[in-house]
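One structure is given here, and the rest of the page talks about it.
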Amino acid sequence: LLLRWRRRRGLWRKVAEAQQRQERSLVQMETAARRFREQHPSVNVVSILSLPLPELSKKLRDGSLPLDYVFYAYVGKALQIATETNCITEYLQESETQLRKAKLTGKQGLLYGVPVSIKDSIDCQGHDSTLGFIKNINKPAAEDSVVVQVLRRQGAIPFVKTNVPQSLISYDCKNLIFGQTCNPLLYTKTSGGSSGGEGALVGGGGSILGIGTDVGGSLRFPAAFCGICALKPTGKRLSKRGIMSGVTGQKAVAAAVGPIAKDVESLALCLRALLCEDMFSLDSTVPPLPFNEEVYSSTQPLRIGYYETDFFTMPSPAMRRAIRETKQLLEEAGHTLIPFELTNVDYVIFNFCVRGMFADGGTSFVKKFKGEMEKGSTGVFFWLAKSPHWLKAVLSWIAKPFVRCSLPACFDTFIGFVFFFSTVDEVWSLHHEIEEFCHQFIAQWKKLNLDVMLCPMLGPALGIGYPGKLSVAVSYTMLYNALDFPAGVVPVTMVTDEDEEELKGYKGYYRDWWDRTLAKAFRGSVGMPVAVQCVALPWQEELCLRFMKEVETL
C-alpha cells in the first residue's frame with residue numbers, strides 16, 4: 001500500500017507539472033496579446049478574425065496585412081476560447097520566433113503567416129504528445145512530424161497544441177491531465193473527439209485552421225458538433241510519420257490526418273499546400289499526387305448516391321431532415337440523386353472495426369494504460385481483457401441477449417474478439433474479408449454510376465459524458481475508415497423546436513439501453529448545428545471537396 005501510495009503521488013506530481021505548464025502557456029498568450037494591443041491600439045482585431053482563410057492568406061502574401069497583426073489577433077482569440085472551453089494544452093512559444101524570422105526573410109508559401117493549431121497527438125519538436133497519458137508527460141518530441149514540417153515550409157505558424165481524450169479512442173474530449181473540453185456553442189455539450197480540442201478552438205474562432213487525425217470519426221465528430229468543416233482523406237494521402245496512434249499496429253481500420261476549418265475553401269487551400277514536393281520527399285510512402293485543381297473547380301452536374309439511415313443507429317429527427325433538405329437542394333441545382341442501400345452495418349462495425357482494432361484481445365491497447373490512474377470509460381474492457389478464459393466464456397453466454405447484433409455471426413464476432421485473442425490465420429482472413437467488402441461496395445457504387453455519396457452525420461452534439469456510453473454510435477463515420485474512403489462533413493442546418501419535440505418519440509432500431517441513452521444524449525439541443533457527410537472513392541479528395549463546396553454553397 002505504501003509503494004502504491006508513493007507511485008500515485010509521483011503520478012500526481014507529473015500531472016501537476018503538466019497543468020502548471022498549461023497555465024503558464026495561457027499566461028504567456030495573455031502577455032503576448034496584451035503587449036501587442038498596447039503597441040497597436042488601433043488594429044481592428046474583429047475584422048481580421050472575420051476574414052476567411054483564402055482572403056486572409058492572400059492579404060498576408062501581398063503584404064496588405066502584417067503578419068504580427070494576424071498572429072496576435074488569433075493568440076488573443078485562442079486565449080479567450082481556451083478559457084471558455086479548456087481546449088489548449090500548450091502554447092508553442094517558438095511560434096513568436098518563427099513569426100519574426102518570417103517577417104525578415106519574406107519567404108512565402110501558400111500558408112505564409114497563417115497561425116495553425118495542432119492536435120496533441122501530432123509531434124511538434126520540443127513538446128509532449130501525451131494522448132492524455134501521464135506516462136507521456138515530459139517526453140518531448142525529438143522532431144516535428146512530417147505534416148508540421150510541411151506546414152512550416154509553406155509558411156504556416158503552428159502556435160498551440162490542443163486537447164484529446166485519453167488514448168484517442170473516444171469521441172468525447174477528456175483526460176486526467178488537462179480535463180474536459182466543452183463545446184464552444186453550448187458548454188453542457190461535448191466538443192467531440194478525439195480531435196476535440198481542435199473542434200472547440202476552430203469552432204469558437206480561436207484558430208483559422210487546425211490539423212487533426214481520424215480513425216473512426218475523430219475529425220468529423222468535432223467538426224459536426226461544433227458547426228465547422230473537416231476532411232478525412234484516404235489513409236495514405238497525407239503523411240502520418242511523427243503522429244501518435246491510439247492502437248498501434250492494427251491495419252483493419254485506416255487512420256488519416258486531415259484539416260479542420262470554418263469552410264470548405266479553407267480545407268482545399270490546406271490540402272493544396274500540403275500536397276507538395278516537400279510532403280512527397282519527406283515521406284516516400286505518400287503517393288506523389290498533387291492537388292487536382294481541374295476536379296475541384298469543375299461545375300459538371302454530379303450523380304450522387306444517398307441514404308437517410310444505416311439501420312444500425314437510428315438518425316435523430318434533425319439528422320434525417322438534414323439529408324432530406326440537402327437532397328432537395330442538390331436536385332434543384334441540377335444534380336441527380338440516387339438511393340443507395342446499406343446492409344449489415346452491424347456486421348461491419350463489430351466484425352471489421354471492433355474485431356480488427358482489438359484482434360490481439362485488446363492487449364496492446366491495455367498496455368498503454370499500464371501505470372495510469374484513470375481508465376476513462378474503458379474500465380469494463382480492461383477487466384474483461386485481464387479475465388481468465390473460463391470467465392470470458394461464461395460472460396459471453398450471459399452477454400448474448402444484450403449485444404445489439406441482428407446476425408448470429410455478428411454476435412459471435414463481437415464476443416470472440418472482445419473477449420478472446422485472434423490467431424494469425426484469423427487476422428489474415430479478416431483482412432481478406434475487409435478487402436472483399438470494399439470491392440463489393442465499390443462495385444455497387446459503380447453499378448449506379450455514382451460520383452459521390454451524401455450520408456448522415458451523427459448529431460447534434462451529445463451531452464458531456466455520453467460518448468463513453470455510446471461507442472456504438474460511431475457507425476456512420478467508422479464505416480468509411482474501414483473502407484478507407486475520403487469523407488468530409490459540412491454543417492447544413494440547426495436543431496429546431498420541432499426536431500426536439502419529435503425526439504420525444506425516438507425509440508431506435510433495437511429499443512435497447514443504447515438507444516434510450518442516445519435519445520437522452522441528443523436532448524436540449526435547439527439551435528445546435530447538424531451536418532451531413534460527403535464521401536468519394538479512394539484518392540478522390542478533390543472530388544469530395546468539390547461536393548462539399550456544392551453542399552456548403554447551396
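From the backbone N, Cα and C atoms, a Cβ is placed for every residue, glycine too.
TrEMBL entries are annotated by machine, without manual review.
According to TrEMBL, the domain 'Amidase' annotation covers 73-545.
Long-range neighbours of K119 (active site, charge relay system) (same chain, six or more residues apart, CB within less than 8 Å of its CB): K161, T162, V164, S194, S195, G197, E198, G210, I211, G212, T213. Annotated active site, charge relay system per TrEMBL: K119 (among others), in sequence order.
For S218 (substrate binding site), the same-chain residues 6+ apart in sequence whose C-beta sits under 8 angstroms from its C-beta are L168, Y171, G193, S194, S195, G212. Residues or ranges marked as substrate binding site in TrEMBL: L168, S194, V215, G216, G217, S218.
Taken from TrEMBL, the feature active site, charge relay system applies to S194 (among others). Within 10 Å of the C-beta of S194 (substrate binding site) we count 34 further C-beta atoms, all protein chains included.
Here TrEMBL flags S218 as active site, acyl-ester intermediate.
Using the Cβ center of L168, S194, V215, G216, G217, S218 for substrate, the list of other same-chain residues with Cβ within 8 Å runs, in sequence order, I169, S170, Y171, G193, S195, T213, D214, L219, F221, G246, A255.
The C-beta environment of G216 (substrate binding site), restricted to residues of the same chain at least 6 apart in sequence and closer than 8 Å, consists of I169, Y171, V253, C353, V474, T477, M478, N481.
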